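Over in Swiss-Prot, the protein carries these features:
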DOMAIN    11-114  domain 'CRESS-DNA virus Rep endonuclease'
MOTIF     18-21  motif 'RCR-1'
BINDING   52, 60, 62, 104  divalent metal cation binding site
REGION    119-138  region 'Disordered'
REGION    175-187  region 'Oligomerization'
REGION    252-270  region 'Transactivation'
MOTIF     292-303  motif 'Nuclear localization signal'
């Protein structure tokens, strides 16, 4: 089985997909039909599966899949069939891949109509004007369909449209980021509950259940949590141990906002430097933010709570107007730490032997 680490780094996006199933004795027709059903959302156009005998005597299976819309997956086991795991590649030259598949097959099955790859976006100049030159839209459509990475996408644009690439690079980079977003790694808490055990007040346990551990119901809003107290008490460690979250310290950076996060953490940021504080504290949905080095965007498609952590010297409540304080208290559970309070239990030391 692939490791979770390799699975987190996997990404495939293309209209042409080449699959190789090693040591696979399955019937090509059955595999073809199963793959066709798997990729239904991307509108499959053609598939061919061929079985061949490997040098070691085992049966291998090769498949070429063509879809109308690019297959976009981040799960390396998406194409697993009956426990058989394939090697997944982008077929950059579908003509050569198909020829390779049909080299020495023992059994073959096809469905749909094969779509040969054009030899060049710009056509064959040796044919003069007899062949219509593709439009800019057609060339871009080909680039979008066949590019397999951000780097390849920008390289193809640079080759086909050098002037546009030089003068409008920021727009192409923006579209590249949309087509090939950064893969979100599987969340592993940087502060898992361990020894010494993390703990919290009973009143906060009552807040945790409906706001962190229960899913958001449509039409309902969560409640945020404000914790103020001294430094080095473990409150940040405790807050970060609860699950997948957006974490901001020193400043709020919307460019890295993760919609899959369960909650947000604002840690040690003065009240006056926290943009959209009302939206965060009020667990509001679908509000617009303005990243420092990016375009405005809508975030937080569902209500999620924010845990605000502050020290006594930067208590948010001391900086608020009466109206702001009223809103804050109505939308936030406020917890002021007691003297000597910690968010972890001290480690149990082994008994010392008497001398």
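Cβ atoms are placed via backbone N, Cα and C, with glycine included.
Known features from Swiss-Prot, placed on the structure.
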{"residue": "52", "record": "divalent metal cation binding site", "Cβ within 10 Å": "17"}
{"residue": "60", "record": "divalent metal cation binding site", "Cβ within 10 Å": "17"}
{"residue": "62", "record": "divalent metal cation binding site", "Cβ within 10 Å": "25"}
{"residue": "104", "record": "divalent metal cation binding site", "Cβ within 10 Å": "9"}
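Outside the motif 'RCR-1' (18-21), and at least 6 residues removed from its termini, the chain residues within Cβ reach (under 8 Å) are 31, 35, 60-65, 79, 81, 84-91, 97. Look at residue 52 (divalent metal cation binding site): DSSP puts it in a strand. In the three-state DSSP scheme, residue 104 (divalent metal cation binding site) is classed as coil. Other than the site residues 52, 60, 62, 104, same-chain residues with C-beta atoms no more than 8 angstroms from the centre of those residues' C-beta atoms, the divalent metal cation site, are 50, 51, 53, 54, 61, 101, 103, 105, 106.
Per DSSP, the region 'Transactivation' (252-270) is made up of 3 helix, 5 strand, 11 coil. The residues of the domain 'CRESS-DNA virus Rep endonuclease' (11-114), classed with DSSP into helix (H, G, I), strand (E, B) and coil, number 22 helix, 47 strand, 35 coil.
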